[in-house]
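Annotated in TrEMBL:
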| type | residues | note |
| --- | --- | --- |
| BINDING | C:R48, C:R54 | NADP(+) binding site |
| BINDING | C:R125, C:S126, C:S127, C:N241, C:A242, C:G285, C:K300, C:P301, C:T302, C:S303, C:S304, C:R326 | FMN binding site |
4 protein chains.
Amino acid sequence: MSFNTFGHLFRVTTWGESHGPALGATVDGCPPGVALDAAMLQHWLDKRKPGQNRHTTQRREPDAVEILSGVYEGQTTGTPIQLMIRNVDQRSKDYGNILDTFRPGHADITYFQKYGLRDPRGGGRSSARETAARVAAGGVARAVLDALVPGLSITGYMVQMGPHEIDRARFDLAEIARNPFWVPDAQAAQDWAQVLDQIRKDGNSVGAVVEVVAAGAPAGLGAPVYAKLDTELAAAMMSINAVKGVEIGAGMGAAALTGVENADEIEMGADGPRYRSNKAGGILGGISTGQDIVVRFAVKPTSSIHTPRASVTRAGDATDVVTKGRHDPCVGIRAVPVGEAMMACVLLDHLLMQRAQTGQAGPVGRIGPAE
Amino acid sequence: MSFNTFGHLFRVTTWGESHGPALGATVDGCPPGVALDAAMLQHWLDKRKPGQNRHTTQRREPDAVEILSGVYEGQTTGTPIQLMIRNVDQRSKDYGNILDTFRPGHADITYFQKYGLRDPRGGGRSSARETAARVAAGGVARAVLDALVPGLSITGYMVQMGPHEIDRARFDLAEIARNPFWVPDAQAAQDWAQVLDQIRKDGNSVGAVVEVVAAGAPAGLGAPVYAKLDTELAAAMMSINAVKGVEIGAGMGAAALTGVENADEIEMGADGPRYRSNKAGGILGGISTGQDIVVRFAVKPTSSIHTPRASVTRAGDATDVVTKGRHDPCVGIRAVPVGEAMMACVLLDHLLMQRAQTGQAGPVGRIGPAE
Amino acid sequence: MSFNTFGHLFRVTTWGESHGPALGATVDGCPPGVALDAAMLQHWLDKRKPGQNRHTTQRREPDAVEILSGVYEGQTTGTPIQLMIRNVDQRSKDYGNILDTFRPGHADITYFQKYGLRDPRGGGRSSARETAARVAAGGVARAVLDALVPGLSITGYMVQMGPHEIDRARFDLAEIARNPFWVPDAQAAQDWAQVLDQIRKDGNSVGAVVEVVAAGAPAGLGAPVYAKLDTELAAAMMSINAVKGVEIGAGMGAAALTGVENADEIEMGADGPRYRSNKAGGILGGISTGQDIVVRFAVKPTSSIHTPRASVTRAGDATDVVTKGRHDPCVGIRAVPVGEAMMACVLLDHLLMQRAQTGQAGPVGRIGPAE
Amino acid sequence: MSFNTFGHLFRVTTWGESHGPALGATVDGCPPGVALDAAMLQHWLDKRKPGQNRHTTQRREPDAVEILSGVYEGQTTGTPIQLMIRNVDQRSKDYGNILDTFRPGHADITYFQKYGLRDPRGGGRSSARETAARVAAGGVARAVLDALVPGLSITGYMVQMGPHEIDRARFDLAEIARNPFWVPDAQAAQDWAQVLDQIRKDGNSVGAVVEVVAAGAPAGLGAPVYAKLDTELAAAMMSINAVKGVEIGAGMGAAALTGVENADEIEMGADGPRYRSNKAGGILGGISTGQDIVVRFAVKPTSSIHTPRASVTRAGDATDVVTKGRHDPCVGIRAVPVGEAMMACVLLDHLLMQRAQTGQAGPVGRIGPAE
């Protein structure tokens with residue numbers, strides 16, 4: 001089957017192919033009475049938009065979003081919100097030569113095997129253009145979260161490009177908006193620009209690690225045991241194109257720790273329990289602790305490269321594939337706003353679930369002296 | 001909300017607390033006419049059973065499974081299969097002293113915050129005992145897979161304990177069953193035994209990385225875009241207690257690769273396309289390629305340790321917590337059969353989905369010369 | 001597929017066959033902190049229990065329910081509640097002679113066609129014994145509703161048996177508990193007893209219409225457009241064995257009305273809008289109005305009768321079928337508590353949904369003078 | 001919550017308000033490789049289109065459907081199919097005077113209570129215009145059914161308008177397309193035209209009963225116990241605007257029958273078992289028998305009438321409401337193609353489910369002499 005919906009109560013269904021007439025998202029389950037207009041969503045789409053600098057694909061898409069339903073006089077009505085983005089710069093002839101070959105690292109071959117047909121237009125449904133719809137839907141989630149959880153912030157950034165990691169000692173959130181890599185390290189931004197120019201010149205591409213942090217989320221979110229908050233974040237991030245690994249808090253590195261090192265000790269703060277460290281990434285037993293929620297994901301290098309790679313044709317003949325067309329040398333860059341959008345959707349979904357089961361949009365049990 | 005079901009068409013709902021009278025799984029959507037009895041499930045449960053050697057908890061649970069419905073005269077009937085495991089060695093007094101304190105690294109605090117109450121009996125629903133139900137359900141999935149995909153094998157093993165990785169040059173599947181660590185490296189098995197004895201003696205614990213490989217799965221499984229095969233595996237593994245990271249194929253390491261290194265080149269084999277490498281972990285665009293499906297997950301060190309850690313009481317007072325009771329010094333060991341069970345359930349679920357949408361339990365599109 | 005779960009947020013999965021070792025329900029999504037014990041559920045099960053008078057099957061089942069999980073020290077914990085009922089009086093030899101024939105009006109033939117096998121033990125999964133699990137789950141829903149909506153009452157009763165309707169002029173809720181038919185009309189109770197004695201003597205059976213009314217439910221429940229409150233009630237009631245029709249308010253009779261007759265006029269009452277009639281059955285546009293919610297369903301006559309009916313064997317040979325064994329001459333009687341249970345589950349589910357989306361367990365919009 | 005999706009494997013999500021810019025349906029889970037274009041869907045939409053004769057609303061909507069995704073070169077691709085219908089003749093000023101009053105029989109009041117706001121544009125989401133999206137989606141289902149079940153036909157028609165029933169002795173399917181009432185009785189068509197003219201002249205409206213029959217559906221469809229085929233049809237039909245009752249086969253009338261009368265006797269036909277009657281409406285135990293599947297539903301009279309009815313304003317003041325604007329005097333007429341569309345979607349969904357669980361798009365168990 002094709003499962004194009006995510007979320008339990010805040011449900012997002014995306015649709016559309018990279019080179020069809022349009023793509024979009026149907027957002028169902030949105031609370032009513034929340035201020036929303038297209039400009040609020042466009043803000044986030046512009047962040048993801050291609051062609052903004054030399055480090056991303058030169059495809060020119062305005063990615064202008066239209067709200068076709070579910071909003072009346074600037075407010076959500078509680079009915080499904082249809083978000084549509086017209087495809088403009090389709091140039092599908094760029095892809096004409098790949099109709100009968102399979103690009104290594106791409107989904108061409110598996111889509112063909114699964115469905116028995118090719119939609120050669122830029123990857124069809126498997127194209128990362130689908131993530132524009134997620135960003136639009138994430139904008140809706142952010143608008144609702146702003147209303148329900150004042151002070152919640154969701155911030156994504158790159159922490160690694162190829163083998164080059166940021167220096168956490170230089171970490172500065174203010175830098176993120178100042179460079180094309182969304183990297184919180186001014187020096188890394190400079191270095192990476194040179195690295196990526198060379199990669200592109202070589203007809204090659206490179207992977208990345210993106211980190212997304214939610215600060216200010218309440219304790220108590222997460223639905224044990226098969227919709228734990230970390231389970232949902234892992235699924236959300238792994239569903240983004242080209243993602244091959246997901247980590248919460250200490251992540252894969254948790255394997256190398258001892259129990260003494262790993263257990264985040266607890267003390268009382270002014271307004272409740274406070275942790276002395278955050279190996280847990282803000283989640284224990286699948287439920288948020290009230291700390292920063294920290295998720296990281298690895299994005300593989302773009303498979304569309306100008307270097308020939310061995311492959312086969314539909315008829316089974318050997319061939320070399322060179323992917324022409326316009327591509328991102330590091331698709332991880334544009335995954336940053338997508339990761340943020342997924343975080344927003346997951347948090348809102350769990351906030352609604354907690355509200356359903358307990359009547360509270362936050363913790364029920366209170367820790368501290370009796371009042 | 002509480003979401004205790006996973007799977008789309010092969011749906012498993014687990015229930016039960018670690019120290020209540022019983023726990024189990026309701027398996028819905030199972031194909032009819034498949035040979036099944038309790039002994040077939042017991043085989044897998046025995047693999048996970050505690051107390052089998054000095055490296056796992058000394059809690060003695062027979063973990064005997066009863067089939068209460070859905071099977072008639074040794075065959076599945078297509079109706080829900082209820083699997084029940086009685087808790088026997090409950091000894092909940094072991095946990096008595098923790099009623100009003102929160103164990104660092106444990107879900108005590110978040111469950112209390114979420115639901116407003118404590119079930120102090122060994123972690124209640126958040127205990128890893130819940131995974132016994134998964135292993136039983138996974139046994140049902142394996143029985144069906146055996147009938148539908150002859151030659152499919154699912155094998156889990158440890159590849160890292162604490163900072164100690166296996167040597168891939170010594171990799172030998174036959175070793176897995178010969179040591180208490182399910183490790184495919186005889187030398188590592190010896191070394192780790194010493195390491196773990198010391199860890200236990202120190203009142204400490206250690207993390208691990210488990211790898212699960214499915215060989216012989218058909219191409220074409222996976223439901224784009226929000227139930228991609230890798231998305232589902234990431235969710236399945238992250239839902240296991242104490243898991244903090246999940247990787248497919250090259251995993252987090254994919255970030256450091258270039259596109260040239262990462263793209264698995266394709267050539268024709270005797271019976272279809274064949275890949276020269278498997279950075280993809282057997283999944284492209286969320287759909288299986290027919291290669292080995294490779295997933296790894298990191299298990300954090302057991303939080304129940306004998307070393308005091310700072311925490312707070314329900315009333316907000318500072319306290320030191322020492323977790324007595326019987327615990328696994330490396331809970332990763334017992335996660336191996338759980339990871340296998342989750343892989344089995346996910347693969348079967350997607351096989352049924354492919355069958356629903358296309359009528360085939362495998363690929364529809366064929367690559368090769370016209371016949 | 002087999003879909004044995006109903007509900008969106010308050011989710012009930014039933015399992016078990018009529019003549020297997022046990023049957024039950026897994027209740028997921030229950031709010032935490034609600035007082036609950038087995039006796040509270042047993043109260044409702046006893047109402048449905050067979051063999052209580054000469055008008056229902058003489059099968060003797062204590063239908064004693066055990067709570068295996070999700071309740072700790074008399075309170076729900078928010079985790080799945082497993083309810084198990086052991087089958088005791090199985091006597092499956094009663095059914096031995098039907099192994100190779102198909103009973104007209106029964107699901108024997110369609111289950112065989114669907115799944116390719118027979119579970120001859122009393123109808124297996126298609127037996128109305130499955131509804132015992134619903135009644136137990138409904139008991140959980142009632143306990144939660146009592147806590148969330150003080151004053152809500154749910155009452156089911158028979159309004160027709162065979163061609164014999166009650167006289168609404170004699171309608172008296174107090175009569176319901178005084179007769180074996182749950183009929184709110186003392187005279188009908190007397191008349192029907194004679195009718196049913198004759199029916200049973202004739203080796204025949206008879207249909208019935210059951211009405212279930214929820215009084216005191218808040219306005220605002222119902223999820224347009226595919227989980228409207230009436231849609232959900234229709235599905236809930238139609239899923240009960242032997243039900244062939246469902247009506248809301250004026251029901252099928254609405255077809256014969258004009259718009260002038262049908263529109264329930266509105267006036268202001270002391271605490272909000274009040275309707276002068278209730279053709280709508282308490283639901284407009286799929287959302288509750290705050291009036292009584294009124295649903296009726298028709299139960300066909302029991303298909304297990306002592307009168308021979310023409311049928312075929314598995315081999316295709318003609319045969320006459322006489323169903324021996326112990327059966328209800330009017331299965332509609334025992335459908336009354338089942339209809340109540342379904343109403344309770346649906347209302348709670350929608351209360352939680354309204355709470356999720358709007359934060360209110362009732363109406364958001366207020367009608368009346370500004371305060 | 002708002003639940004705007006129906007179906008398990010063939011999933012339809014509708015969106016859009018009656019007077020917003022557009023409405024539509026996202027169809028997910030469609031099999032790949034099925035021939036489909038907009039003209040095939042337009043055929044069904046034209047059947048439902050308003051303004052075709054004097055008996056339906058004079059609103060002029062071309063209801064032209066665009067396929068925005070999921071179809072490539074005239075074939076479904078297996079990815080989500082987005083169907084969009086632009087609203088053209090919106091004239092929402094017609095509704096201006098109702099902003100602060102609630103129309104009796106309408107969802108104005110309950111939507112306001114549920115969500116806390118009014119979308120006065122022609123009923124917003126609660127308008128029957130939403131059913132255009134269902135008809136489009138039903139067109140997709142029909143295209144797939146044509147490919148999978150040759151010979152299957154789905155036919156809807158009116159059997160009652162107000163108190164006037166058709167004469168079954170005059171039943172003639174060929175008449176359906178010859179009159180504006182989709183009624184299979186030429187005499188009734190003439191009589192009803194006069195009745196309806198008078199009703200309209202009186203500023204009144206009238207209810208109806210619609211029957212939908214699927215002939216040629218295979219045995220074995222239906223998912224016990226909470227997605228029985230009759231359960232799903234009941235939900236599907238009850239979700240249509242203004243429907244107040246649903247019947248399968250003998251329907252509410254089954255209550256008045258005895259078991260001897262009700263049990264459809266079975267004999268062998270040329271190609272399998274054959275029934276001597278069809279009280280069951282083609283469904284036993286929630287599973288199709290292979291007979292005609294017969295469902296009926298009652299549509300209440302249009303609530304928008306020109307006769308004043310007592311109501312209240314948002315401020316709680318008494319008022320009389322006269323609904324101006326263009327309305328159907330018998331909205332049941334236009335429900336006919338909607339009922340057909342719902343039947344098509346439900347049948348396809350269950351065909352895919354049967355295929356998932358058993359690998360067959362029809363019965364597994366065979367009745368007849370061994371071959």
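Numbering starts at 1 and runs along the chain as it is shown here.
Glycine too: its Cβ is placed from the backbone N, Cα and C atoms.
A TrEMBL annotation is a machine prediction, not a hand-curated record.
Put simply, C:R54 (NADP(+) binding site) is 21 Å from C:A242 (FMN binding site) when counted between their Cα atoms. Taking the C-alpha positions, the distance from C:R54 (NADP(+) binding site) to C:R125 (FMN binding site) comes to 26 Å. Candidate binding-site residues: C:S127, C:T302, C:S304. Fewest other C-beta atoms within 10 angstroms, C:S127. Taking the Cα atom of each, C:T302 (FMN binding site) and C:R48 (NADP(+) binding site) are about 16 angstrom apart. Sorting the binding-site residues C:R48, C:K300 by the number of other Cβ atoms within 10 Å puts C:K300 first. According to DSSP, C:R125 (FMN binding site) sits within a helical segment. Between the listed binding-site residues, namely C:R54, C:R125, the fewest other CB atoms within 10 angstroms of a CB are found at C:R54. Counting Cβ atoms from all protein chains shown, C:A242 (FMN binding site) has 22 others lying within 10 Å of its own Cβ. Put simply, C:R48 (NADP(+) binding site) is 18 Å from C:R125 (FMN binding site) when counted between their Cα atoms.
Between the CA atoms of C:S304 (FMN binding site) and C:R48 (NADP(+) binding site) there is a gap of 19 Å, rounded to the nearest whole number.
Here the CA atom of C:R48 (NADP(+) binding site) lies 18 Å from the CA atom of C:K300 (FMN binding site). Proximity to chain B, defined as a C-beta distance under 8 Å, is registered for the following binding-site residues out of C:R54, C:R125, C:A242: C:R125. Put simply, C:S127 (FMN binding site) is 14 Å from C:R48 (NADP(+) binding site) when counted between their Cα atoms. Chain D has a C-beta under 8 angstroms from the C-beta of C:T302, taken from the binding-site residues C:R48, C:S127, C:T302. The secondary structure of C:R54 (NADP(+) binding site), as reduced to three states from DSSP, is coil rather than helix or strand.
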